[in-house]
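According to Swiss-Prot:
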ACT_SITE  D228  active site, proton donor
ACT_SITE  H251  active site
CARBOHYD  N244  N-linked glycosylation site
CARBOHYD  N273  N-linked glycosylation site
CARBOHYD  N278  N-linked glycosylation site
CARBOHYD  N301  N-linked glycosylation site
REGION    20-49  region 'Disordered'
REPEAT    183-213  repeat 'PbH1 1'
REPEAT    214-235  repeat 'PbH1 2'
REPEAT    237-257  repeat 'PbH1 3'
REPEAT    266-289  repeat 'PbH1 4'
REPEAT    299-320  repeat 'PbH1 5'
REPEAT    368-390  repeat 'PbH1 6'
Amino acid sequence: MISLNSIFLLSLVGLSRAAPSRSETSPDRTIKPRAACTPTAGGSSSTDDVPAIQEAITSCGDGGIIIIPADTTYYLNSVLDFKGCSNCDFQVEGLLQFTSSTDYWNGKTAMITVSDIDGLKLRSVTGSGVIDGNGQESWDKFAEDSSYKRPTLLYITGGSNIEVSGLRQKNPPNVFISVKGDTSNAQFTSLTMDATSNSDNLPKNTDAFDIGASTYVTISSVAITNDDDCVAFKPGANYVTVENVSCTGSHGISVGSLGKSSDDTVQNVYARNITMINSSKAAGIKTYPSGGDHGLSTVKNATFEDFIVDGCDYAFQIQSCYGEDDTYCEENPGDAVLEGIVVKGFTGTTSDKEDPVVANLNCGSKGTCDVTISGFEVKAPSGDAKILCGNTPSDLGVTCSSGASG
């Protein structure tokens, strides 16, 4: 008779014979370290460091690391193109300073281009990295000549898995960051963005983020000072989240403008935990009216939640006559489709510019106005809180007064 212990031992022997050895299952391989490149800085604004940086991207861009070291200035006198980067890690710990030449930048689309790149980290690990667009001369020239074409600081089109973090970006000639071209999975976090003029000419059109045709874009933990939209959801924006952002001097968190010359759609956008300081509005929607060459504007599933309003002219605004005057819109009413628009948890105090009005909601008479408002506790400096409404639903959620415009 075979004992139970014997059966157990025989079973172990069988298992030991059947199981492959460690050497049979573990491949013989060596993990190679990531390539790392540090471009050589020319040390003078008369030397363009872009070729050296692009050579580093060519050498180390395929899965490697490119380092802009601390306490070092790189002078960029031409467009920096990230072509050649694939899953690369571009670490800015020093200063990238672009030339202020208005002659060179006139008509250029961007200062930094990221086109059809799959995998890019553009970041500062230590938080000391700065990208300086050196835009003062461009702002001054634009004040004299509005036909002057200024570049975007960082232009992302196409591609996926883009991360921009830890940096300070300052003084772009035009927009800070533009995302379009069906870009997917882009994250922007822990950024400081400021456009501050040292002349009487304002830093016009310095949107912090223009988010166009793209999916799954996240903007979080960003402090912005500028003179245009804080974040603009442009045509084609889909699944965009904005949270824990503060904006000073801006035109707000804005959908649009939409419908200027084509049918435009923005959908599935969510903005929460936003602090808006001294801005023309905290949040809003801008759509062109019907008629002429204008297209149909559609905004679906947009939520604005937990906004602190500090000295903004309006807490929330809906414009259905954007870009046209009242006479035009009387003949060609707004026809925008607004569906699933949620505004909730707004607190704070507006500026005295529109006192006692704190919100101006002018939906188009030919359109759809599916808007709900709750927890809206914004006051004007006088202590009143008047909300102007036009063509809004009866279950809007707030008490309306007539006289909406825009």
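First residue shown is number 1, and so on along the chain.
Backbone N, Cα and C atoms are what each Cβ position is placed from, and that goes for glycine too.
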- Query: Can you count helix, strand and coil residues in the repeat 'PbH1 5' (299-320) using DSSP?
  - Reply: 0 helix, 20 strand, 2 coil
- Message: What's the number of neighbouring CB atoms sitting within 10 A of the CB on N278 (N-linked glycosylation site)?
- Response: 14
- Message: For the residue listed as 'active site', which of the listed recorded positions (D228, N244, N273, N278, N301) have their CA atom within 10 A of its CA?
- Response: D228, N278
- Message: If contact means at least 3 Cβ pairs within less than 8 Å, sequence distance 6 or more, would you call the repeat 'PbH1 3' (237-257) and the repeat 'PbH1 6' (368-390) in contact?
- Response: no
- Residues of the parent chain within Cβ reach of the repeat 'PbH1 4' (266-289), under 8 Å, 6 or more residues beyond its termini: 230-231, 233-260, 295, 297-324, 328-329, 332-336, 338, 341, 343, 346, 351, 364
- Task: Between the Cα atoms of the residue listed as 'active site, proton donor' and N244 (N-linked glycosylation site), find the distance and write it as a whole number of Å.
- Result: 19
- Cα of N278 (N-linked glycosylation site) to Cα of N244 (N-linked glycosylation site): how many Å, rounded? 17
